[in-house]
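Enquirer: To start, I am sharing the structure in question, which I have written as structure tokens.
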């Protein structure tokens, strides 16, 4: 972009792909005080000043280090100098497990954004984080879909706190060292969290593997780009199928047909729907999901099953997914619409899909 530095131009290009619906309300910026999030804050501030947008900086303090309070307050002073509203979200007493800390952090951020009538949270994930995620997932045996890494735009990973909140990662195309060089040029320092160098954490071990020599010989980010292209194609196919065959009604999520899906795609789509119907944060995975999808697609005598907290029943013209106990969770239709929007590759589908709760009367029979 004319007149902008490379980091600012990359940041603004990433946000330019988002719909106004997400940007017209206060935009949350997650800022820990580390280099990545601090660069994110500066870039977002300059973008917002030019575009007339409103930012809300959010710092989560888990209270696990003596320095954390001072670091959060330092972010607050910087925000005050820039005229940005800043909230410190204190989560003292949280369980020290990484998974629990992550969930608590995302829940607090999502609640605060929703309280400010916002829909979008910006995070400082970089190209380095993407490469580390690739190695972590490869080590865990993830398939190609998972190896595509983090999405530029996704739904909040927590539920129900994250209902209506999206996460954008506008720095995924920028290396960490480039952001640190940007901060040095601005005369800004940053806080270093010792846990980022603790080999007890898997991400730190993967980071150490990504030495310059490996990056030259194993183009991890090039592999991620290729898998992302494949994922876009796969997501588009699932989105088109969902648009034609899936509706949320009062009795459950209704699916007209899985016909024509390759087995792997059918399992992936079914997992997404089971996650939504059960109101869970993760979909079921593995052999049980694959077998269930195969049974639904290939067997004309399918009568029902349970998986992932859901009961799957066969009706005359469709199958129905609903929680094993009780009604569908509140917000199910909106969550289904938002999931479809992410899959479409066009976030404007969020507005077009919102509120679709009716059940198609002309669903095509599956059996």
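From the backbone N, Cα and C atoms, a Cβ is placed for every residue, glycine too.
A quick note: this is a predicted structure, and the numbers were derived from the prediction, not measured.
Taken from Swiss-Prot, the feature ATP binding site covers 32, 33, 34, 35, 36, 37, and the record attributes it to sequence analysis.
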Enquirer: Who sits close to residue 32 (ATP binding site): which same-chain residues at least 6 apart have their Cβ under 8 Å from its Cβ?
Expert: 59, 60, 71, 75, 124, 191, 193
Enquirer: Determine which residues of this chain, when 32, 33, 34, 35, 36, 37 are set aside, have a Cβ within 8 Å of the centroid of the ATP site's Cβ atoms, and list them as they appear in the sequence.
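Expert: So the extra residues in range turn out to be 31, 38, 39, 40, 124, 190, 191.
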Enquirer: Taking the Cβ of residue 35 (ATP binding site) as centre, how many other Cβ atoms lie within 10 Å?
Expert: 24
Enquirer: Out of 33, 34, 36, 37, which of the binding-site residues has the smallest number of neighbouring Cβ atoms within 10 Å?
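Expert: Result for the binding-site residues 33, 34, 36, 37: minimum number of other Cβ atoms within 10 Å at 34.
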